Amino acid sequence: MNHLPEHMENTLTGSQSSHASLRDIHSINPAQLMARIESYEGREKKGISDVRRTFCLFVTFDLLFVTLLWIIELNVNGGIENTLKKEVIHYDYYSSYFDIFLLAVFRFKVLILGYAVCRLRHWWAIALTTAVTSAFLLAKVILSKLFSQGAFGYVLPIISFILAWIETWFLDFKVLPQEAEEENRLLLVQDASERAALIPAGLSDGQFYSPPESEAGSEEEAEEKQESEKPLLEL
């Protein structure tokens, strides 16, 4: 048997799914269409989708988690005050963890500004933060002396690297596709509602209803029948 090429099969599958979604939408009555439109408009009025809000919460968790680990590291290495002076005031690229904390602050500011305040629908902001984070951490791991300072020399760079890439995956595979799908659904529902408004309403059963004969008409027929039978009785 001849098999269709893969791209033709994908095209047929996509067209069938789109036709199925259109049939599903057109099969809904106008009241349900209006309810769906109002629900989508309500989501638009909220300003930010649920999945985007979850992404922003994860970005905040990234900053707080790295900050917590850095504070623990300051306590372990001789007290917060003394270690803070050593890592911030007398900053040394080869032995300080302060730059990893600043890297988390950089990710937080760029991502919250881009995807919560400006509500971007593009991946360039997350690509910037992930590229900067990956390049900086790789350079620091290769050039610095963090591994000689105990467990935190491994933990902080690895955690920062993993969190940055989880944010990238979540935005690219969850936030942007889901919001695009919801927008397409809204357009389909609005188009279906506009077409439904142009289609005349179907004929109801009441338009084909024939009322029963009235009692007045039946009484008149009975009187006429009696009058026609009277001459026959007289004979």
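Here the Cβ of each residue, glycine as well, is placed from N, Cα and C on the backbone.
In Swiss-Prot, the feature phosphoserine is assigned, of Ser17, Ser27, Ser39, Ser204, to Ser27; the remaining candidates carry no such note in the record.
Of the candidates Ser18, Ser148, Ser193, Ser214, Swiss-Prot records phosphoserine for Ser193; the remaining residues carry no such annotation there, which does not rule it out for them. When the topology recorded in Swiss-Prot is consulted, Asp50 and Arg119 turn out to share a side of the membrane.
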